[in-house]
Each structure stands twice: as structure tokens, then as C-alpha cells.
């Protein structure tokens, strides 16, 4: 019986068609990145102080420098310098230019302080949502909520859009969510107030995760290895695996024939016999309970949920922590982002040699260890801190890429997108919690988030070893295939072992016969 993998081996597993589709779908990753980690720049919080009417005029009249103006008119040092102001009328004419507050303090008592009722002055030439909506001091938690909203959207989209993709097809889901996400991006940029900003951000998260995951799963049906390392209608067809699971065999056959033509190959003569590896008598419909019905799938689901949760918390948390504690925001982000390129190269080199399980476990352990070491790095060694942070980000980047691949390889076709969405929903739940974990824990102690990251990474490394190795194993088409993944790998190993043993026995027999023949001739 002819399967999709059999056809792909003949028409080209990564030919012109797969490369074209791959490059188109890579655009989804490029569009998803600023939504996911753009908080570092969107919510940049510059140095700020209370706006006090009359201070600017007094500073010009007296010819103060900025340092003198801050020294005379802003309380501090400390948090009060950014969130409190002197309750003084700076427009009164009796104020002098040399220590103007000295004449107002009676008997040396401190001047009363009050909240920033007139807004803030920000020491930055640019702008962010912080400066536009004054998300500082008592409203600083609204920055955490802004990032949590997009991750909440990811979470809700994981539950809803995943089912839609499995029920109505990856292609329909991909097109609808991509167009909606682009429209919401424009609306977010022109949001008139904070409430509108949150609503648009939530909806953007709702559809953007569905767009990215549907594209990832669709691409994974064409080529399993390169799909996650670097990552429309007429160029991106529907998945033939999904079409077969829905008993739409004629459409699947047409697509496979189209792939053969694009790759310059001849399709198999028996292409019309195309079917799933184990044909089903009725159309398979995805169900949430399928993820937990059988013991091995249940184990895979829970472990992958934890791996996704850890990936999100450590990945986003490291970025936020470096942004909040580093020196130059742009350079620190650039350095830590550059390590994602060697991370992709490491994946390409290792997954075909060592499989999925050991590189994934090692990367989790490396990320956890890096976070642990950062706790003990002195503040006067920022270069060492950013170097270790880069190692941690490279490790968790490898985890993020590989958990996508492993997630797609462990679930059968008809619930593959649902499995990806449900498991990765824990990634989104982690993203909802991460801003509050990072910024609120840093108020207690700057190294507190790193302790949490280290613990999560080290535990994830151990749990990864409980998953089966999927290197060289055919993608499961049914629940029975997924349950037997470990058993499928073992016969293959035993077969190789038997072949080696048989070859050695044959060699020994041949040598023995040759020796006997020589002896007879003598």
C-alpha cells in the first residue's frame, strides 16, 4: 500500500516544491518574532521624573544645566525621584536660582512630597507604549499585563485554532489567521488608548499563534528536518496527509502529482493507490480526549506540555532579564539574538547523528546551568554576564526549535495540529506568567528569576529522556502507530544487529571454506 512517505522518496523529499513552500512559510516566523519578543522595545522604560509646572521656565531663567535642574527640583536619589515630586509652586517669583528650595524649608524640615499629578518627563528621544500611556510607577504592572495579553491570546488560539486546522485544513486556517494578524498589527500601532491596545494585542495573539503553528505543521508534512530550523494561496497547497485522513484521496493524489512535476520527477505508477500507512474505514475527526486516551500518548502529552512551559518561561525570561539589567539594550539584545544562528546550525548537525532526545536534553541542561551561573556573576562584570546569558539563550533556542519537531513527530496525523496546539498552549500559559515573574521577583532580588529558570531547565532535561527517539521513524498516521513508536525503533536496531551478525557469520564461513579449499589443493 502506497503512503505519502513512499511517494515523497520518489518525487523528492526536499526538492524545488518543498524549498519554495519552505521559503514562503519562513515569512510567518519573521512576522511572529516581533510579536513574541518585541516587548523589549515596545515597552522600553527610560529614565523619568515627575512633570512639575514652572520648572522648565525657572530652569531657562536661571540657565541651569540638566544636572542642576534635577539636583534642585527632583527628590532623590531612589524610587521617589521617579514617582514623587515636591509639592511646590515653581511659578512663584520669590524662588532664587541658587538652591531655590532652601527658603521654603522651615526649621530644616523636609518638604512634602506628592504623586505625579501632571504626568512625567522622559529622558529619551524616542517613544514606547510606556511613554505614550505613562505606564510607570503605580501603573508599571500594566506593562506586564500588555505582554501577558498576547500570550493569553496565544493560549486561547492554541485551543481553538488548532481544532479548526485539524477539522477544516491547515491551508484555510493559515490564510485566515495570517490576514487577520496583519490587520490587527496595524490597529495595535494606532490604538488611541491603553484599553484598545490590550484588546488588539489579545486578538493579535489569538490569531498569530494559529498562523505560525498551522504553517509549521503544514511545512512539516513536506520535510521533517529543515522545517523548524530557519523558520500565498497558489504556492502553498493543503497537506496530503490531512486530506487522506479526511478521506479526500483524489485531492491528495493531485497534490502529490503536482509536487512531482515541480521537482522534475515522475510520480509512482501506482499513485492512485495512495493512502495512509494503515488505511481507515471512516474519516478521522480530531478529539481532545485522543491526546490522553492511551498511556504512551498521555505520557508524551504531559511531558511536552512541561517542555513547552519551560521553553517559554526561560526564553522570554532571559530576554526580559537581560533587557532590564544590561547596559545597552540594543547591543545586548543583538548579541543574545545572534546566538540563534549557531543554535540552528547545531540542530542541523546533531539531529541526524545523535537523534532528537539527547540534544534536546543536553540543551535544557545547558540553559538551566547557564541561568544558575548567572546568579553568582558580579555586577561589575557585565561582559561575562551577557556571555553566559548568550549560552543560556542558545540552549533554550535549541530546545524551542527541537520541541516543535519532536511534538510534530510524536502525534498521529489527524490530531497532529491539535497536539501541537494543546501542548504549546502551556508555552503560552508560561508567557502569561513570565512578565510578572521576572519584574515582580526582581523587586525582591535581582537574581530571583534566575533561580526559577535554572530549576525549570534542569528538570526539563531529565524529563526529556523519558520520550522515545523519533530519528528515522516514520511519522505516525494513527493512534496505534503513535503508541508503538518505541517498539518500531527497537526492531530496526535489532534488524541492523542481526544483519551485522549474519554478515560476520557469512564472512567466517567463507574464510573457513577458503582455508579448507587451500588445504585440499595442497
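Including glycine, each Cβ sits where the backbone N, Cα and C put it.
Automatic, uncurated: that is what TrEMBL annotation is.
TrEMBL tags one of the stretches 278-299, 300-321, 476-497 as transmembrane segment, and that stretch is 300-321.
Beyond the ends of the transmembrane segment (358-377), by six or more residues, the same chain brings 307, 310, 314, 318, 346-347, 350-351, 384-385, 388-389, 391-396, 398-399, 402-403, 406, 447, 450-451, 453-462, 464-465 to within a C-beta distance below 8 angstroms of the stretch. Long-range neighbours of the transmembrane segment (383-406) within the same chain, counting only residues 6 or more positions beyond its ends whose Cβ lies under 8 Å from a Cβ of the stretch, are 216, 220, 224-225, 227-229, 304, 307-308, 310-311, 314-315, 318-319, 321-322, 325-326, 332, 335-340, 342-344, 346-347, 351, 356, 359-360, 363-367, 370-371, 373-374, 377, 420, 453, 457, 460, 467, 470. When Cβ-Cβ distances below 8 Å are used as the criterion, the transmembrane segment (300-321) is approached by residues 36-37, 39-40, 151, 291-292, 333, 336, 360, 364, 367-368, 371, 389, 392-393, 396-397, 399-400, 403, 406-407, 410-411, 419, 422-431, 433-435, 437-439, 442, 449-450, 452-453, 456-457, 459-460, 463-464, 466-467, 482 of the same chain, each at least six residues removed from its ends.
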